[in-house]
Amino acid sequence: MIRYIILGLLTLASAHGTTQKVDFKEPACNVTFAAEANECTTLIKCTTEHEKLLIRHKNKIGKYAVYAIWQPGDTTEYNVTVFQGKSHKTFMYTFPFYEMCDITMYMSKQYKLWPPQNCVENTGTFCCTAMLITVLALVCTLLYIKYKSRRSFIEEKKMP
């Protein structure tokens, strides 16, 4: 009986000793920006000494990096979850995406391409302009054909 009590206490002591508290270190993250096709692209890369990490930003998840296109109105927050064994810890970050994209998109701002306007307005303007140019080209072509054929007909009559 005493042997079972001692064996039970030793089992409890050994089980308690194996559950170690994991000391999570904050991951080192780097956020870079680029101007591509009048869009502010962001790349979030993180490194850690733990087993695994996941980065979440704008409904995108990446293991060590996340690539996204940022526009005004999008969230300025991202989080990094670090895993070690069965334990994990989430670190929340806020970054001034608007200010950084504003600086990155300097040339696009010069041509009024940043911040992006309502897509419907841009598409509507483009369609109306394209239609106007097409109609103008058609009218000019028809007038050219009409007057050229008339001139050639008149010149044929003048010939003896």
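All positions are counted from 1 along the displayed chain.
From the backbone N, Cα and C atoms, a Cβ is placed for every residue, glycine too.
A strand conformation is recorded for Cys29 (disulfide bond) in the three-state DSSP classification. If you take the C-beta of Cys29 (disulfide bond) and look for same-chain residues 6 or more apart in sequence within under 8 angstroms, you find Ile44, Lys45, Cys46, Ile55, Val80, Tyr93. Marked as disulfide bond by Swiss-Prot: Cys29-Cys46 (among others).
Around the Cβ of Cys101 (disulfide bond), a 10 Å sphere holds 23 further Cβ atoms from the protein chains shown. Positions annotated as disulfide bond by Swiss-Prot, on the basis of similarity to another entry: Cys40-Cys101 (among others).
Under the heading N-linked glycosylation site, Swiss-Prot lists Asn30 (among others), citing sequence analysis as support.
Mapped onto three states, the DSSP output places Asn79 (N-linked glycosylation site) in strand. Residue density at Asn79 (N-linked glycosylation site): 12 other Cβ atoms are found within 10 A of its Cβ, drawing on all protein chains shown. Under the heading N-linked glycosylation site, Swiss-Prot lists Asn79 (among others).
Summarising model confidence by region, the motif 'Di-lysine motif' (157-160) averages a pLDDT of 63. Summarising the annotation, Swiss-Prot assigns motif 'Di-lysine motif' to 157-160 and lists a curator's inference as the type of evidence.
Sequence annotations record features per position, and here Swiss-Prot assigns signal peptide to 1-17 based on experimental evidence.
What Swiss-Prot records for 18-124 is topological domain 'Lumenal', and it gives sequence analysis as the kind of evidence.
Residues or ranges marked as topological domain 'Cytoplasmic' in Swiss-Prot (evidence: sequence analysis): 146-160.
Per Swiss-Prot, the feature transmembrane segment maps to 125-145; the stated evidence is sequence analysis.
DSSP classifies Cys101 (disulfide bond) as helix under the three-state reduction.
Cys40 (disulfide bond) sits 20 Å from Asn79 (N-linked glycosylation site), taking the C-alpha atoms as the reference points. Distance from the CA of Cys101 (disulfide bond) to the CA of Asn79 (N-linked glycosylation site) is 19 Å. Counting only the Cα atoms, the space from Asn30 (N-linked glycosylation site) to Cys101 (disulfide bond) is about 15 angstrom. When the neighbouring Cβ atoms lying within 10 Å are counted for each of the recorded positions (Asn30, Cys46), the highest count belongs to Cys46.
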